[in-house]
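Student: Structure in structure tokens, see below.
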Amino acid sequence: MAGLSKSVLLVACCCLCFLSVSSLIERLEHPVKDDGSLSFMVIGDWGRKGKYNQSQVALQMGRVSERLNIDFVICTGDNFYDDGLTSVNDPAFEKSFSKIYTAKSLQKQWYNVLGNHDYRGNVEAQLDPILGSIDRRWICKRSFIVNTEIAEFFFIDTTPFVDKYFLNPKDHTYDWRGVLPRKDYLSKLLKDLELALQDSTANWKIVVGHHTIKSIGHHGDTKELARQLLPILEENNVDLYINGHDHCLQHMSSTSSQIQFLTSGGGSKAWKGDFDELNRKGTKFYYDGQGFMSVELEQSNAKIVFYDIFGKRLHVLDLFKGVYSAM
Ligand SMILES: *[C@@H]1O[C@H](CO)[C@@H](O)[C@H](O)[C@H]1NC(C)=O
């Protein structure tokens with residue numbers, strides 16, 4: 001009896017230790033350029049087999065990427081419309097990805113998060129490393145960190161935060177394998193993110209998720225993220241929150257912190273036309289059409305540019321980070 005309860009106790013302890021030690025956020029490393037700088041593209045809401053100007057966006061992205069000699073591409077989710085991938089053999093993977101982004105300059109690592117449309121398909125397929133053997137650029141995980149010498153990128157799985165996908169599941173079916181029980185998953189994810197941000201010594205801290213936090217677009221703010229995620233980002237001096245979900249290009253600033261909200265969701269279908277509040281406080285730029293975004297990072301400067309499908313620059317944001325001297 002005593003022996004049994006002892007071993008039960010031991011197993012329970014091990015489980016607890018394991019839970020508190022292992023993080024939901026996997027860590028990856030990416031090298032910077034020889035001069036210590038980094039440049040990358042950001043695109044979102046794209047996979048439509050070339051339709052809705054997806055191919056035109058890809059073409060211009062390739063040209064700008066060549067000029068900037070980019071290091072990688074960040075995707076803000078909704079990778080395959082309408083319902084994600086059916087399996088790792090789904091031809092949409094090549095028709096919407098490999099055969100579209102063909103420029104030499106785009107043959108770099110692609111870091112992808114999942115959007116709500118991806119959750120409508122077979123999520124495990126998009127996360128399967130076997131896709132990397134079909135196209136070696138592909139990396140998709142729920143939540144992960146990409147550490148570079150100059151910046152740390154925190155990719156966050158935002159879809160499970162949104163109540164309505166759970167409240168009205170009759171509209172669509174979602175593949176929630178791996179994120180249930182929901183409450184435990186979300187609280188652990190937030191805790192793991194907070195710890196990682198607190199530990200980060202990176203000069204630039206950049207968070208990427210599919211859903212908006214602050215947006216004047218069709219979907220508007222995601223109130224669950226504004227309530228649960230934003231306070232953690234602000235407390236930890238995050239510089240940029242980058243998202244998709246609204247099919248537009250957008251720059252909003254915060255009224256309470258340094259954080260800049262950047263939407264790059266113009267990878268294919270756009271022109272929703274139902275934005276409002278153009279005079280909302282913090283609105284710096286809004287474009288209701290297709291396009292993409294580039295980011296160039298140096299130790300004390302960041303340059304962010306939005307482009308339309310002709311490669312024309314629509315908006316430029318220059319950020320400067322002061323040099324802090326030790327007292
Ligand atoms: C493609 O882009 C052009 C130029 O922005 C726009 O006029 C046109 O409506 C777009 N086509 C679609 C299907 O969105």
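Numbers run from 1 along the shown chain.
Cβ atoms are placed via backbone N, Cα and C, with glycine included.
Note: TrEMBL annotation is automatic and uncurated.
Since we're looking at a predicted model, the values are computed, not measured.
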Student: What does TrEMBL list, out of Asn112, Asn116, Asn168, Asn279, as binding the same Fe cation 2 as Asp78, His210, His245?
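Tutor: According to TrEMBL, the candidate sharing the Fe cation 2 site with Asp78, His210, His245 is Asn116.
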Student: Pick the one from His219, His247, His251 that TrEMBL also lists for the Fe cation 1 site with Asp45, Asp78, Tyr81.
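Tutor: Matched candidate out of His219, His247, His251, per TrEMBL for Fe cation 1 with Asp45, Asp78, Tyr81: His247.
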Student: Far apart in sequence but close in space: which same-chain residues, 6 or more away, have a Cβ under 8 Å from Asp78 (Fe cation 1 binding site)?
Tutor: Gly44, Asp45, Trp46, Gly47, Gly115, Asn116, His117, Asp118, His210, Gly244, His245, Gly265
Student: If I restrict to non-local contacts, at least six residues apart, and a C-beta distance under 8 angstroms, what lies near Tyr81 (Fe cation 1 binding site) in its own chain?
Tutor: Gly47, Arg48, Ser96, His117, Ser268, Lys269
Student: Report the member of His210, His247 (the binding-site residues) whose C-beta atom has the most other C-beta atoms within 10 angstroms.
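Tutor: Buried the deepest by this measure is His210.
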